[in-house]
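Let me begin by presenting the structure, written as structure tokens, before commenting on it.
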Amino acid sequence: MKKINFEEVPDLQAIQSFFQTLEMSRMDTDSGTLFNKLKLHIDENRKLHQDFLHALSMFTTIVVTDADDIIIYADQNFCALTGFSKTELLGRNHRTLKSDYHDQAFFVHLWDTISTGNVWTGEIKNRKKDGSTHWLKTTIVPLLNEEKQPYAYIAFRTDITDQKREEVERIDTLKNDFNRTVKALVNLVFKVVRNEDNTYYYTLISGKLSQKLGLTIELDTPMRICNFFDETKTAFLKEKYEQAFEGKEVSYKHRYKDYFIYTALSPIIQSGKVVEVIGSSVDITSNEEAEWKIKHMAYHDPLTDLPNRTKLRDDLDNLIQRTVISQPFTIFYCDLDRLKYINDALGQFAGDQVIVTISDRIKSVVADYGSVYRFGGDELIIVIRHTVDTEMLETLANAILKTVQQPIKLVGKEFFITCSIGISRYGNPGITTDELINHAGIAMHYCKVNGRNNKLFYSPKMNQSYNDLILLEGELRKALANNDLALYYQPKVDVKSGQIIGMEALTRWFHNEKGFIPPTRFIPLAEETGIISQLSEWVIREACEQNVSWIKKGFKPLQIAVNISASDLQRVNFARTINQILQETGLPAAYLELEITENSVMQNTEDCIQTMNDLREMGVSLSIDDFGTGYSSFWYLRKFPINHLKIDQSFVRDVTTESGNAKIVKAMIQLAHTFGLKVVAEGVEEPEILQFLTEENCDYYQGYYFSRPTTSDNFEKLLEMTQTIE
């Protein structure tokens, strides 16, 4: 503090003028010598005396202490005010009057001021003799020697106890008004203080928001923040409060209970030091929820609430950045097989229900290993974040296939659906998100054109195969348009008589450059790309026209069988399409048989049965093809309106060498006959097999033993050999 300028304080000017002219030896410190000199000086300077008295009249009491704070003079007013006599005061340390109200820092500042020759003015709360306290407005003037060092201090005091009481009352009134105002505020208002060991306390928590948050606590004494919040929240708030006590304006958002709170902190600074922090909090839950909803919508699929394609790319980008090559992650590209036909048959709503159901099932399967994303349409991608070996990945994929296959109830009917899974592992540095997804997608498509309902790991050689498939699709479309496909015919033979009783029409494709392309390659491709309906109609029409041609040539009318796919059977108005082909070609319905795999019927059982009933009413025969390779139950088998049951060649070929297969085939024949069905055994290549079938009363057979599939001209020659042209 700078030295007081008495020119700026007229009431003290006379005192300063007097003490400037008063020459006292540093040794003359006893009260008698001091005031004898003072009185002599005043007598000799009457004008100064009057000025001094006027200055003293501004104060109630006067006390003089030496450099060691020993009282050497106290006037009568001071004695009356404190209750001490002069005898009790003189020679005693001024600390006798301390009330212990002020802290150490208060007195350090006071002594730093006066010991350097400066005047100190302030308010002190002292103790009286009876133990009560009073407030004194005090000015302490140091008396300086020739070396400008204090040798005594004069303290001028005025009792302001009544004023302080009124001030406290005014403050209490203001405080009560403030508290009422704060409590009425919509927001939450609080005050924070910090002690020497960096512990934070609340001295105020109020406002309507505090009631909503359950923090309406009257703080008679400061309370630590850990009394209100758990360890995690306390640590978070302490970090924010530390910043505020460094003098910074701080704001932050956080969640408390079910609310989102925005808080602003303002440090209160006194004498260059932050003494407390005032905080104001507002409820932004509605804004935060709206923001969350917008963000959620941007990153989640509205139908399934699964993370969407955008979220998948972000997550994969992050995974790639931080993944150690020795600990790769994996993605499953899962595509639902033939969902389109459910959409076509029952509408988009039913298809959506399937996607939601399948998504929930897959989520439950992979919950401990990763996350499920909806990539689009009927495509789901599963990110397996944990490092698992190939065997475990296969187990997970099989579990997904199994859960997808479980029946789904739609409009009171059971439907069956499958999926194809392509698997790609991140293990090569430099691979991008798009490449990783593309690899899994290639494996998935490769899986689809190789039979569906399976899983395949990506390998680089699939790239060329996939490109070949894309080219092959275009060429297949061209072959259909140019009528470049052909039908081959394989006889269906009576086991007992050896006579041809029918034939199966099989599609063959002889490519100009690639040569023979097997059906196992282009039929799944046709199903995958949606060409299958066009291909099926072409095959059925060609077969009907050929059969009509043979009948017109005078051959005995035979039943011609054509394979149809699950998608054909699930097409709306499929029976009407067949009826139209029969009418246009002129073939009686009794001479057409449609072969259906048991799996294709099981995918939409009730509707498939209805379509099959419509076909039967037209007179078309129906058979279950490849029986034993699917998952139909006897109950459904009994309900199917079928004529024939075809036992798959995988069972027939080994009946003479595998006793297990022989028992299975025997049981199948007996089962079919129990249901009144005729049995056709496929894959008969040896006379011993035919002998077995004869002994087991099988009805018909097909196979190389009698004839391979052959052209229409060659088949006609077979007919000429076994029939008499009418």
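Just so it is clear, glycine is given a Cβ too, placed from its N, Cα and C backbone atoms.
The annotation domain 'PAS' is assigned in TrEMBL to 45-93.
Taken from TrEMBL, the feature domain 'PAC' covers 120-172.
Mean model confidence of the domain 'GGDEF' (327-460) amounts to 88 (pLDDT, 0 to 100 scale). According to TrEMBL, the domain 'GGDEF' annotation covers 327-460.
Per TrEMBL, domain 'EAL' is recorded for 469-723.
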Report summary line: Per DSSP, the domain 'PAC' (120-172) contains 12 helix, 30 strand, 11 coil
Requested in this report: Provide the three-state DSSP residue tally for the domain 'GGDEF' (327-460): helix first, then strand, then coil.
Outcome: 59 helix, 38 strand, 37 coil
